[in-house]
Amino acid sequence: MAKEKNYALVFIYITILIDIIGIGIVAPVLPTLILKLSKGDLSATTQYIGWFISIYAFIQFIFAPILGSLSDRYGRRPLLLWSLLGLGIDYIILAMAPNLIWLFVGRIIAGVMGSSMTTATAYVADISTPEKKSQNFGMISAVAGLGLIIGPVIGGVLGQYGERIPFYAAAGLSIINFMYGVFVLPESLKKSKRRPFSWKTANPIGAMKSIKKEILAPSLIFAFVFIALAGHAMQSTWNVYGIEKFNWKADMIGYSLGFFGVLMVISQGLLIGLFINKLGQKKSIMICLLIYCVSLFLFSLINQSWMAFVVIIPYALGGMATPILQSLISSKVPDNKQGLLQGGLSSIGSITAVFGPLLMTNIFAYFTSGHAPFIFSGAPFVLASVLATIGSVFVYAALKNEKS
C-alpha cells in the first residue's frame, strides 16, 4: 500500500510539473502567434492577449468548483485523466489554429478541462498521512516552481524554430502523462468517503458570499484584491513589453521568465522563512510591499535588457508579500472555517484574473498606439505600482487597528 501511494505521489508531482511546464512553454511564443493570426500591430495584439488570458480565467472560475465537486462524487482519477487528455487536445488545437477564433476555442477548452491542478491537490490530501501532509503540500509548491523555471526556457528555445512548435511539445507532454496515468494511477478517494453532487457546493459565488461573513479583517481582503490586480502587469504584459521595449525574441522572453522562476523558488521556498523568523510577519509584509511597489515602478523606467533582469530581483523578493498576506488573513479565521476561507480567496483571485489582464493589456495597447498623447509602454507598471500602494495602505490600516 505504501509503495502504491509513493507511485501515486510521484505521478501527481509529475502531473503538476507538466502542467506548469506546459503553461510556461507556450508563454514566450504566444504574443508572436497572436500577432501573426491577428495581422495587426503590437498594440492590437496586446488587447487580444488580455482577452485570451481573461477568458481562460473566467471559464476556470465557473468550472473549477464544478469539476472539484464532481471529483468528490466520482473520484479523483477519472477527473484527473479527463483533464490531462483535454489539455493535450487543447494544445493541439492551439498549435493548428488557423485563426484567432480557433485560438480562443482552444482557450475555452483549456478552461473547462484545466482542473488538473485542483484535483491533483485534492489527491495529495487524500493519500497523505497527517504528519506528511505539510511536507507533501510543500513539494507541490517546489515542483510548480521548478516548472516555472523549465517551461519558459524550453519554450524560448523551441520558439526559435517556429511559434507553433512549443504547443506541440506541450501537447506531447500532456498526452504522455495521460497514458502514464491510465496504467499507473490508482483511485485515492474511497467510495465510502464520496458525497453526492450538489450545485450549492459547486458555486464560486457562494464561497465569496460566505467569506464576507467570516473574515474578521476586511481591510486585508481589500489589500489582497489590489495586490492581485497589480500582479497582472507582469503576468499579462511582460512578453509584449519585452518585444516593444527591447525587441526581444522568444528566447529572451523565456530566459527572463525562467530567471524569475528561479528567484521565486529561492525567495518563497527559502528566504520567506528567514524573513519571518527574523522580523516577524508584520514587519516582513510591510518591507516586502515597499520593495514590491518600488520595483513595479522601476520596471516602467528601464531602457536596457540587463536592467530588466536586475529589477526582477527585488520584484521577486517583494512577491513574498502575497503568501505572508494570505497567512495574516488565515490567522483571522477560525480553524473550522479555513476551507471556506481558501475557497473564497481562490474565487476572488479568479475574478482578479478575469479583469486584471484586460485592464493591463488595454493600458499597454493605448500607450503604445497613436491615440495616446505620448508613447509609454511602461504605463501598466506605473498603474500596478499605484494599485500595490493602495493595497499596502489597507494592510497598514489593518495592522495598525490590531495595535490600538
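The backbone N, Cα and C atoms fix where each Cβ goes, glycine too.
The transmembrane segment annotation in TrEMBL covers 7-28 (among others). Long-range Cβ contacts of the transmembrane segment (7-28) within its own chain (Cβ-Cβ under 8 Å, at least 6 residues beyond either end) map to 80, 84, 87, 91, 94, 116-117, 120, 123-124, 127, 136, 139-140, 143-144, 146-148, 150-152, 154-156, 158-159, 166-167, 169-170, 173-174, 177, 180-181, 184-186, 188, 239, 250-251, 253-254, 257-258, 261.
Per-residue pLDDT, averaged across the domain 'Major facilitator superfamily (MFS) profile' (8-403), gives 83. Among the features that TrEMBL reports, domain 'Major facilitator superfamily (MFS) profile' is placed at 8-403.
Look at TrEMBL and you will find 48-67 (among others) tagged as transmembrane segment.
What TrEMBL lists as transmembrane segment is 79-98 (among others).
What TrEMBL records for 104-125 (among others) is transmembrane segment.
Annotation comment: TrEMBL describes 137-159 (among others) as transmembrane segment.
Marked as transmembrane segment by TrEMBL: 165-185 (among others). Through the fold, the transmembrane segment (165-185) approaches residues 7-8, 11, 14-15, 18, 21-22, 25-26, 28-29, 77, 80-81, 84-85, 87-92, 94-95, 154-155, 158-159 of its own chain, all at least 6 residues removed from its boundaries and within a Cβ separation under 8 Å.
Per TrEMBL, the feature transmembrane segment maps to 215-233 (among others). If you look at the transmembrane segment (215-233), the same-chain residues 6 or more away from its ends with a CB under 8 A from one of its CBs are 289, 292, 296, 299, 319, 321-322, 325-326, 328-329, 332-333, 341, 345, 348-349, 352-353, 355-357, 359-360, 380-381, 383-385, 387-388, 390-392, 394-395, 397-398, 401.
Annotated transmembrane segment per TrEMBL: 253-277 (among others), in sequence order.
The transmembrane segment feature in TrEMBL is assigned to 284-302 (among others).
For 308-328 (among others), the entry in TrEMBL reads transmembrane segment. Tertiary neighbourhood of the transmembrane segment (308-328): same-chain residues 217, 220, 223-224, 227-228, 231, 234, 242, 246, 256, 259-260, 263-264, 266-268, 271-272, 275-276, 281-282, 284-285, 288-296, 298-299, 302, 345, 395, 398, selected by CB-CB distance under 8 Å and a gap of 6+ residues from either end.
TrEMBL lists 340-368 (among others) with the feature transmembrane segment.
What TrEMBL records for 374-399 (among others) is transmembrane segment.
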Tertiary contacts of the transmembrane segment (253-277), as residues 6+ beyond its ends and Cβ separation under 8 Å: 24, 27-28, 31, 141-142, 145-146, 148-157, 159, 238-239, 242-243, 284, 287-288, 308-309, 312-313, 315-317, 319-320, 323-324
